[in-house]
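Residues or ranges marked as [4Fe-4S] cluster 1 binding site in Swiss-Prot (evidence: sequence analysis): Cys64, Cys67, Cys70, Cys114. The annotation [4Fe-4S] cluster 2 binding site is assigned in Swiss-Prot to Cys74, Cys104, Cys107, Cys110 on the grounds of sequence analysis. According to Swiss-Prot, the domain '4Fe-4S ferredoxin-type 1' annotation covers 55-84. Residues annotated as domain '4Fe-4S ferredoxin-type 2' in Swiss-Prot: 95-124.
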Amino acid sequence: MFPMVTEFMNYGQQTVRAARYIGQGFMITLSHANRLPVTIQYPYEKLITSERFRGRIHFEFDKCIACEVCVRVCPIDLPVVDWKLETHIRKKRLLNYSIDFGICIFCGNCVEYCPTNCLSMTEEYELSTYDRHELNYNQIALGRLPMSIIDDYTIRTILNLPEIKT
C-alpha cells in the first residue's frame with residue numbers, strides 16, 4: 001500500500017511542477033504582449049542605417065590619382081585600376097576603375113586608406129541581382145549616388161512607426 005501512496009504523491013508533485021512551468025512560460029508571453037513588434041514589413045518599411053554603415057562603395061573619378069593604395073590594402077586585391085602614364089607631365093591618368101561586389105567583403109580598407117578620399121561607403125545595401133556579372137561595377141556605376149531612404153516618399157521608414165505607451 002505504501003508504494004501506491006508514494007507514487008500518487010510523486011504524481012501530484014510532478015503535476016504541480018508542470019503547472020508552474022506552464023505558468024512561467026505564460027507570464028513571459030504576457031510580458032511580451034505590450035512590447036512593440038520587432039519585425040518590419042521589408043519592401044514597404046526599411047530600417048535607417050547607422051552613420052558608419054558599410055554599404056556599396058561610391059567612387060569619384062575626378063579625385064582618383066591612380067595610386068593603387070586601395071588595391072594594396074584590399075585583403076582580396078579586388079579593385080581593378082587601369083591607368084596610363086602621361087610622360088610629358090609624369091603623372092598617371094586613370095582609364096578604368098571597377099569593383100566586383102560579388103567578391104567584395106565590405107571591409108572598408110579601401111575607403112579608409114585612400115589618400116584623396118575618392119572612395120566612400122554609401123547606405124545602399126540592396127545589391128541583389130539575377131546575374132552575378134551585374135555585380136561588377138565600373139567607374140560609371142560606382143559614381144552614381146543611391147537614392148536616400150529618408151527622401152523616398154513611397155517607403156515608410158522605421159522612425160515613423162507609432163509608439164505604444166507602456
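Each residue's number is its place along the chain shown, starting with 1.
Using the three backbone atoms N, Cα and C, a Cβ is placed for every residue, glycine included.
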Measuring Cα to Cα, tell me the gap between Cys104 ([4Fe-4S] cluster 2 binding site) and Cys70 ([4Fe-4S] cluster 1 binding site) in whole angstrom. 12
Under 8 Å by Cβ from Cys70 ([4Fe-4S] cluster 1 binding site), counting only residues of that chain that are 6 or more apart: Pro79, Val81, Asn109, Cys110, Tyr113, Cys114, Leu119
Cβ-based neighbourhood (8 Å from the centroid) of the [4Fe-4S] cluster 1 site, residues Cys64, Cys67, Cys70, Cys114 excluded: Ile65, Ala66, Glu68, Val69, Val81, Cys110, Pro115, Thr116, Cys118, Leu119
What's the number of neighbouring CB atoms sitting within 10 A of the CB on Cys67 ([4Fe-4S] cluster 1 binding site)? 17
Counting other Cβ atoms within 10 Å of each residue's Cβ, which of the binding-site residues Cys64, Cys104, Cys107, Cys110, Cys114 comes out lowest? Cys107
Provide, as an integer number of angstrom, the distance between the C-alpha atoms of Cys107 ([4Fe-4S] cluster 2 binding site) and Cys64 ([4Fe-4S] cluster 1 binding site). 20
How many whole Å apart are the CA atoms of Cys64 ([4Fe-4S] cluster 1 binding site) and Cys74 ([4Fe-4S] cluster 2 binding site)? 16
Would you identify the secondary structure of Cys107 ([4Fe-4S] cluster 2 binding site) according to DSSP, in three states? coil
Beyond the site residues Cys74, Cys104, Cys107, Cys110: chain residues whose C-beta lies within 8 Å of the centroid, for [4Fe-4S] cluster 2: Ile57, Cys70, Val73, Pro75, Ile76, Leu78, Pro79, Ile99, Ile105, Phe106, Gly108, Asn109
Do you know the DSSP helix, strand and coil residue counts for the domain '4Fe-4S ferredoxin-type 1' (55-84)? 8 helix, 8 strand, 14 coil
At the level of the C-alpha atoms, what whole-angstrom distance separates Cys74 ([4Fe-4S] cluster 2 binding site) and Cys67 ([4Fe-4S] cluster 1 binding site)? 13
Taking the domain '4Fe-4S ferredoxin-type 2' (95-124) alone, what is its mean pLDDT? 95
